[in-house]
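Annotated in TrEMBL:
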DOMAIN    16-218  domain 'Cytochrome b561'
TRANSMEM  21-40  transmembrane segment
TRANSMEM  46-69  transmembrane segment
TRANSMEM  89-108  transmembrane segment
TRANSMEM  120-145  transmembrane segment
TRANSMEM  166-187  transmembrane segment
TRANSMEM  193-212  transmembrane segment
Amino acid sequence: MAVSREVESEPRLYGCGRAASAALTHLISVILTAFMAFLSRPGTTWFSWHPFLMTLAFSFFMTQAILLFSPHGSLVRRFSHKAKGRVHWMLQGLGALCAVTGLTAIFYNKGLNGKPHFTSWHGLLGLLTVCVAVAQSLAAVPLIYHSLAKGWSLAKLKRYHAASGLVAYLLGSGSLLLGLCSTWFTASVGEHTWYLAALGPVLSALVIMNQVSKLQRS
């Protein structure tokens, strides 16, 4: 397999760097989600579900779904490609479900408080991101049941899916960053904590971009 041969031919230091980057991304996805759960205390208010579920969707589920295919950082490296695809789709589906629920929670909360909807860049980008994430999950069905995509080769479908998935992930990272700029979050944390939290989506996006682009070239 092309990916395996490329991984084997990499200098050891280079491979270790990629493995460390993937491990760091795993860690960021868990820590940022746990931190947001601690900060928002989901269940205390309708609003509390929004930051928690959105972080769970895009920082945890979506990140873990993509890292499944990392030759350096996959937690299920011994699984067959088909099995990885099924787990990937399930994680993406869970992420889309969390995103839709998080969007519903903030929509309902704003309605309760008589506030207008989608008036900020965070709200507009968040709405677009949720729509793209749901569409991406639904569009992946032909990859699992290829008979549904008559006239399309599996290789071409995979390329398009990877490219659109990267766009969805970058939109999610951007939405998270804008969420960290919200009045609620900036009032809840100190300056140093804010910068550390903001580094999370940025570093994860860089690692994911590198992984997807590298696999696309192989």
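Glycine is treated like the rest: Cβ placed from N, Cα and C.
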Long-range Cβ neighbours of the transmembrane segment (89-108) (under 8 Å; 6 or more residues past either end): 46-47, 49-54, 56-58, 60-62, 64-65, 68, 117, 126-127, 129-130, 133-134, 136-137, 140, 143-144
PLDDT averaged over the residues of the domain 'Cytochrome b561' (16-218): 93
